[in-house]
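As given in TrEMBL:
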- 16-36: transmembrane segment (TRANSMEM)
- 19-204: domain 'MacB-like periplasmic core' (DOMAIN)
- 232-258: transmembrane segment (TRANSMEM)
- 236-357: domain 'ABC3 transporter permease C-terminal' (DOMAIN)
- 286-315: transmembrane segment (TRANSMEM)
- 327-347: transmembrane segment (TRANSMEM)
- 378-396: transmembrane segment (TRANSMEM)
- 402-423: transmembrane segment (TRANSMEM)
- 461-484: transmembrane segment (TRANSMEM)
- 664-693: transmembrane segment (TRANSMEM)
- 672-790: domain 'ABC3 transporter permease C-terminal' (DOMAIN)
- 714-743: transmembrane segment (TRANSMEM)
- 755-781: transmembrane segment (TRANSMEM)
């Protein structure tokens, strides 16, 4: 039997190409993820120890500013030095730039300074700060400028780089300045030099104190756990790809063994036992698994290292480290490839060896779902479908993710089980619909596609998996993106605001409306006021202003005032406030939540009339569209604000960032699922190729009867389009349903504005079109093989 096995491998090498490619792609996918995982870990851990450079011990779990101050004072009194890692989040005013910024600490002690000075000098006295090089570019800040962070006026004396450190900030000041922001200061840890652990524990008993090396190792372990979580998520896509590969392998072996039934029967007739035949064909599967897994390892190394190098070159800010693949990844990928190959070939092998020799020597009929086994299959599929539908209904009504996953798996498996009943009628219907265009060629292709319903269903099931998941992601992400956009509009009803303490110029509105990307703008009249001692301008907005993109009911009523968070926080969230303007005083009630209308308090029109009869334009509210780049738009608005001596408030970057996150996530997930779709298309090409060999005499007879080579090629092209199209249409329909259920269960509970079904018709149509075109490409080689065979040669007995 060893001779038979080797002969079979030599004779049928080309017919195993699909199984080989499916396994090789899956194994290469695993190694690529291993390389990305190692690179991400290296990048994350590279900067973990940077902020602790020069320290001997580290005190962590220091949450109060008073505790940090106590440790710093005690260490300095003991002759050592200490710094604080953390930052304060405060409002920034730097020329025309405004918004929230972070202020970190630069150590007084030179040995504990972990930032790299690029230009200028280190802060020496309170009131001096460094600016991070990226923050300097985005805010237009340079050495010599003065910025206001919170209530502090600070001079920029240097530009620094944080490298790969995880505790970077926009600005860095001395501990004396940073510690003044007790309410907004977040503390990570306190690196210490020149003092032992006992001395720190004595003054801060609740702090966790350990040697710097131990602290860095613990931090690196925590960071790599995050990378491992991401890797596990990526391995889900590997599982999908390998599942599709298993379907392709099983289908390939099923067709091959069906074609070799008479050969196997002859072996049985001359004395080979079932066990020997079974062992022989499984050795073939093992040999294919070993070879394809080895090739997959080599391809994965090349692709993994290449993609890491490409990302580091094109996107250096991502911070990937050096690529590497641990031996365990190689071992696991190789083992998975071999196991999947052998396991996928197991059932076809059993089915082949169960047939008696005499039965196997008779001509084989096509699969029929009307047999007893076929009826049991339909009944089993119906039960699975009902159970899946019940669980999905429970998931939607009870917002249960577990029920959603369980119901989705059961429902999809039921579709695979019922494939021989569902897919052939779809292909027959499509064949009839396209009959006027394809003529006799289309009728032959349709008959060929549905001749063996079980084989047809198995062939399309591989592509069905990929298309269903891709469609579910596209629909789910589109609906989630719409929900996020709606929530964003409610949270940020205006895109930008230009505010001034003095009346704006007469041409201010026209200058803003002339900026590309500005859709609408409105000037708000206001007056300088004092709110419980805080001087600020206040404005009034008519409720019919077109620039508002959110809930107009959120505008303050006539007895209310909408205050920005900074003022509410400074006043300790009062129940009422006293507003004074030009000698007039009124009591107003702040709205329930902080104002989403920018940095200027907002009142009703009648309230403004009660404060002054001579309100003047102080603020411009701006609404934008998505036609221009967000950074360019903000830059143009900032330039106009500078010319108007106004302060710019913008949420454009935040809104664009959230939208981009959804788009990037969709692209990444679809790209990863594309691996499974690619493997499935390899399977379609394999099925067509093996069918060409199986129908060799039939095709030759068609040629002898007058069918041209072009018509014969067209028959296989149409057949491939019917198979791929049926899988794509069915997958898009199921995927749309699954995507919407996912949104109802997972997204609708997270957004206050609710979620609506968004069907991205263009993207779904593109999925169907790509599947059909890919099916055509998969048919190129089989159709050429069929057309090249001369009629006389094809009619000869093999």
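Including glycine, each Cβ sits where the backbone N, Cα and C put it.
A Cβ distance under 8 Å defines the sequence-distant neighbours of the transmembrane segment (232-258), meaning residues of its chain 6+ beyond its ends; these are 12, 15-16, 18-19, 22-23, 25-26, 29-30, 33, 36-37, 264, 281, 285, 336, 340-341, 343-345, 347-349, 351-352, 364, 455, 458-459, 461-462, 465-466, 469, 669, 672-673, 675-676, 679-680, 682-683, 686-687, 690-691, 694. Remote same-chain partners of the transmembrane segment (286-315), defined as residues 6 or more beyond its termini with a Cβ less than 8 Å from a stretch Cβ, comprise 5, 9, 16, 19-36, 39, 322-323, 325, 330, 333-334, 337-342. Taking DSSP states H, G and I as helix and E and B as strand, the domain 'ABC3 transporter permease C-terminal' (672-790) has 98 helix, 0 strand, 21 coil.
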